[in-house]
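Everything below concerns the one structure shown next.
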């Protein structure tokens, strides 16, 4: 256990005792043995192609028993390195928890933005695979069974549900937004007195002398007929759009689970219910008809589908749900307490103008005071009542102001990440995994080995073994290539004078962007 071990991590050498690595069992470093493939017997060290800066913190964890978060490393990278070394991020010291939580919040924010971004995949083939998977046709797609319906259905769905997927989709989205605004403006203007016609009723009044005089009385008003025509035109578009989206949607169950689709469905049905009640019922209930027409104003929520800023606002409220619930709880608690206090405070002194006749009336005063609205319709007149009113106003300001910074920070985080994603390039260089590179190297080695043996180089199996290709990657250096070079050194030292004629013969395989791009170079 007192034996020292040399660890070469990313080119940086670290030296420690074997007993130090045994402090945390069931980890990668606690199971180091010379029989491992990454052990170099010549240099007497273990080589790991990992991040050297993070490993300094990990080795310090073995030495001191305290794991700290490096400030110059991204959160996902730190968690990936901990997972490689067999450690858990929950072992981080409390002083570094805030940095770890900030990294996790950033990952959750980016995941939400990925779901919002409809054009996140630039590869047409991968985008088509995602589309087939969303519609449940993944098996048929890989089997080559594609029908016209499988081509038409995703295209029509993207036209009406993904506004930024194409120029035609943007045009349809613009038409939909235009009809929404026309419908809302018409709904608001038809309530104004300048755009309403009076409904008159006439009756004969018998005057004192037996004379009958006709009388005209206005009993109510109704909107101009043009508003009904505008509403009919808008609802024709909304009905057509709803039917097309229902026919071409990927899943009927998810379609009805969407809140926006339910709002659109209820608002459209309310129009037809209103029209049927007007024609079927002679004396239709005005209140019911007005309530059904009020539902149509909720179509404004459909604008969230066409504007990312509104989507960010909704996700901000979702991320701040705990803070909003806490705010409502404290408001209700304060409202009930101060309503009871002001009720009894006003009764402690002689007060002929007491406006707080019950605690429920005090609830209205308390909510107006705590939210700093202050209508002034109810005011305390006694000294104790004014003291309670002052405390209620101060506590209301503090209660509302405390959770607001958390909500603002969540909105700033969503907005800043969204702005950064818009400015970043869409296409990014693809990085191959190490396993794929090693598999390609073995395939090229199997192809080049017979040709090398027939090329007349001579020397037998030793030259053929040295003629095996070494995969050189310009971006990274893997452990297998590192050990391969040292094994060649040991073979050269054992061969003595016989290796002087062939020691400098190596075959280098450089892989370009594709697997077929191979260049062979002989280094002397």
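Note that the numbers count up from 1, one per residue, in the order the chain is shown.
Note: Cβ is positioned from N, Cα and C throughout, glycine not excepted.
The annotation compositional bias 'Polar residues' is assigned in TrEMBL to 495-504.
Confidence annotation: the domain 'BTB' (3-103) carries a mean pLDDT of 89 in the model. Annotation comment: TrEMBL describes 3-103 as domain 'BTB'.
If you look up TrEMBL, you'll see 482-511 marked as region 'Disordered'.
According to TrEMBL, the transmembrane segment annotation covers 171-189 (among others).
Residues annotated as transmembrane segment in TrEMBL: 324-344 (among others).
Residues 331, 334-336, 338-340, 342-343, 346, 385, 389, 392-393, 395-397, 399-400 of the same chain lie 6 or more positions beyond the ends of the transmembrane segment (356-375) yet place their CB under 8 Å from a CB of it. Under the heading transmembrane segment, TrEMBL lists 356-375 (among others).
Counting residues 6+ beyond its ends, the transmembrane segment (387-415) has Cβ neighbours under 8 Å at 105-106, 109, 112-113, 312-313, 315-317, 319-320, 323-324, 326-327, 330-331, 334, 338, 341-342, 345, 366, 369-372, 379-380 in the same chain. Annotation comment: TrEMBL describes 387-415 (among others) as transmembrane segment.
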